Amino acid sequence: MKALAKLERAPGLTLTRVKRPEVGHNDVLIKIRRTAICGTDIHIWKWDDWAQKTIPVPMHVGHEYVGEIVEMGQEVRGFAIGDRVSGEGHITCGFCRNCRAGRRHLCRNTVGVGVNREGAFAEYLAIPAFNAFKIPPEISDDLASIFDPFGNATHTALSFNLVGEDVLITGAGPIGIMAVAIAKHVGARNVVITDINDYRLELARKMGATRAVNVARESLRDVMAELRMTEGFDVGLEMSGVPSAFTSLLEAMNHGGKVALLGIPPAQTAIDWNQVIFKGLEIKGIYGREMFETWYKMVAMLQSGLDLSPIVTHRFAVDDYEKGFAAMLSGESGKVILDWTA
């Protein structure tokens, strides 16, 4: 089958032919329709330090997808041939303390699709049926293919009650931008997002941001004054992994505020703990999606009017994958979709 793989320990990916995956007793085989390019895939493309330490070579990658079930293992229940599905990209052990307590997103033995094992940038993907998630007919293939990052945004944004709250989001990547739409959808008052990328800040405005602030040119404090915010933000969502952004977020938080961290900062990043301790801040680390509460919330929000369509900005046939990666690398894109049926 056709697949997009890392064949050499060097930058780039190669469109190649690989063996179609075998289907275990508890697996489903998915014929891929659409995939989306993730920031993780950009790390793999660049072959940075993280990728060199993490990614087996050779291996086809990718973990954001939608497709239909074409084969099932003999022990699979609850699915049928032809079901349209996406899937949870974190495959968990089922036996550790957290898995057995129903907290699978905290499994200490997590294996990542397209990171630690063969991925979705291929014509077919085999995954445990437990990880497959049926997509309702009213949700498009494009949106279904980005449920993985949409889930990151949902898990982060809904970590705390947002109704009537003032929310600061640092980092206007696709996940941060989707968090804007989620926060407004569930009833936040002011939703302010910061970055230095004008293209993505404009996308955030389209998705409902109260203010999208280029911090290279505009003061966050001035924006807070403009919005008549006298005490700081109630909820902070750190999506960038940039130390200076995290610092500014902590400084802008109100006393008793709550902070969720999805962005991954460099090791040994300095924190002004006075901001945390004397403000009584609550800080929560976010990894992946809650299984499968996050997934049900994503569907419910889309069915109740959440519009994420502006976040998909580029679409390419898989044979033009290099154009798709170029769009992502340019910084002037939202989500980039690769069509495996074209």
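FYI, residue positions are counted from 1 along the chain as it appears here.
For all residues, glycine too, the Cβ spot is worked out from N, Cα and C.
The active site, charge relay system annotation in Swiss-Prot covers THR40 (among others) and is backed by sequence analysis. Close to THR40 (active site, charge relay system) in the fold, though at least 6 residues off in sequence, lie HIS63, GLY114, VAL115, each with a CB less than 8 Å from its CB.
According to its DSSP assignment, HIS43 (active site, charge relay system) is helical. Sequence annotations record features per position, and here Swiss-Prot assigns active site, charge relay system to HIS43 (among others) based on sequence analysis.
The Zn(2+) 1 binding site feature in Swiss-Prot is assigned to CYS38, HIS63, GLU64. Non-local neighbourhood of CYS38 (Zn(2+) 1 binding site): GLY62, HIS63, GLU64, ASP148, PRO149, each in the same chain, at least six residues away, with C-beta under 8 Å from its C-beta.
Annotation comment: Swiss-Prot describes CYS93, CYS96, CYS99, CYS107 as Zn(2+) 2 binding site. A coil conformation is recorded for CYS107 (Zn(2+) 2 binding site) in the three-state DSSP classification, outside any helix or strand. Sequence-distant neighbours of CYS107 (Zn(2+) 2 binding site) (same chain, 6+ residues apart, CB-CB distance under 8 A): HIS90, THR92, CYS93, CYS96, ASN98, CYS99.
Listed in sequence order, ALA172, GLY173, ILE177, GLY331, GLY334 are the same-chain residues six or more apart from ARG200 (NAD(+) binding site) with CB atoms under 8 A from its CB. Taken from Swiss-Prot, the feature NAD(+) binding site applies to ILE175, ASP195, ARG200, LEU262, GLY263, ILE264, ILE286, TYR287.
Long-range neighbours of ILE175 (NAD(+) binding site) (same chain, six or more residues apart, CB within less than 8 Å of its CB): PRO149, ASN152, ALA153, THR156, MET239, LEU262. If you measure from the Cα atom of ASP195 (NAD(+) binding site) to that of HIS43 (active site, charge relay system), you get 20 Å.
Same-chain residues at least 6 positions away in sequence with a Cβ under 8 Å from that of ILE286 (NAD(+) binding site) are, in sequence order, ASN152, HIS155, THR156, SER159, ALA260, LEU261, LEU262. The number of other Cβ atoms within 10 Å of the Cβ belonging to GLY263 (NAD(+) binding site), over all protein chains shown, comes to 20. Excluding CYS38, HIS63, GLU64, which define the Zn(2+) 1 site, the same chain contributes THR35, ALA36, ILE37, THR40, ASP41, GLY62, TYR65, GLY89, GLY114, GLY119, ALA120, ASP148, PRO149 within 8 Å (Cβ to the Cβ centroid), listed in sequence order. Taking Cβ-Cβ distances under 8 Å and a sequence separation of 6 or more, the neighbours of TYR287 (NAD(+) binding site) in its chain are HIS105, LEU106.
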